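*Asks:* One structure, as structure tokens, below. Some questions next.
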Amino acid sequence: LSFAANVVNARFDSTSFITQVLSNGDDVKSACCDTCLCTKSNPPTCRCVDVRETCHSACDSCICAYSNPPKCQCFDTHKFCYKACHNSEVEEVIKN
């Protein structure tokens with residue numbers, strides 16, 4: 001009679017894909033958006049429609065496509081737009 005056992009070295013990898021997609025509690029000030037859609041209502045309802053490999057740091061509802069690289073979009077709505085991600089003075093805000 002013999003007994004065989006496998007030992008698996010499991011560890012938490014903080015740089016894994018899922019931890020990049022989920023909000024990690026970063027400061028909202030670090031969140032950014034290049035393309036923001038807002039309604040004409042007062043106050044406006046705005047949503048970032050950027051598609052990137054990860055959502056911005058303050059995103060609560062991030063949806064990613066199963067692709068390589070992943071294509072993620074944040075579905076949170078706010079009464080404002082985040083600052084532009086890239087160092088350009090042109091921030092695209094589209095009012096519906």
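Heads up, the Cβ atoms here are built off N, Cα and C, so glycines get one too.
From Swiss-Prot, here are the annotated features:
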type	residues	note
DISULFID	C32-C85	disulfide bond
DISULFID	C33-C48	disulfide bond
DISULFID	C36-C81	disulfide bond
DISULFID	C38-C46	disulfide bond
DISULFID	C55-C62	disulfide bond
DISULFID	C59-C74	disulfide bond
DISULFID	C64-C72	disulfide bond
SIGNAL	1-10	signal peptide
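Locate each feature and note its surroundings.
*Replies:* Remark: C85 (disulfide bond) has C32, C33, D34, D50, H56 as non-local neighbours, by Cβ distance under 8 Å and separation of at least 6 in sequence.
A simple way to gauge crowding: the CB of C33 (disulfide bond) has 25 other CB atoms within 10 angstroms, across all the protein chains here. In the three-state DSSP classification, C33 (disulfide bond) falls within coil.
Listed in sequence order, C36, L37, C38, T39, T77, H78, K79, F80, C81 are the same-chain residues six or more apart from C46 (disulfide bond) with CB atoms under 8 A from its CB.
The secondary structure of C62 (disulfide bond), as reduced to three states from DSSP, is extended strand.
Secondary structure from DSSP puts C74 (disulfide bond) in a beta strand.
Around the Cβ of C72 (disulfide bond), 21 further Cβ atoms fall within 10 Å across all displayed protein chains.
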*Asks:* Just name the winner among C32, C38, C55, C64, C81 (the disulfide-bonded residues) by count of other CB atoms within 10 A of its CB.
*Replies:* C55
*Asks:* Between C-alpha atoms, which of these disulfide-bonded residues comes nearest to C62 (disulfide bond): C48, C72, C74?
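*Replies:* It is C74, whose Cα lies nearest.
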*Asks:* With H, G and I counted as helix, E and B as strand and the rest as coil, say where DSSP puts C55 (disulfide bond).
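*Replies:* C55 (disulfide bond) sits in coil per DSSP, no helix or strand.
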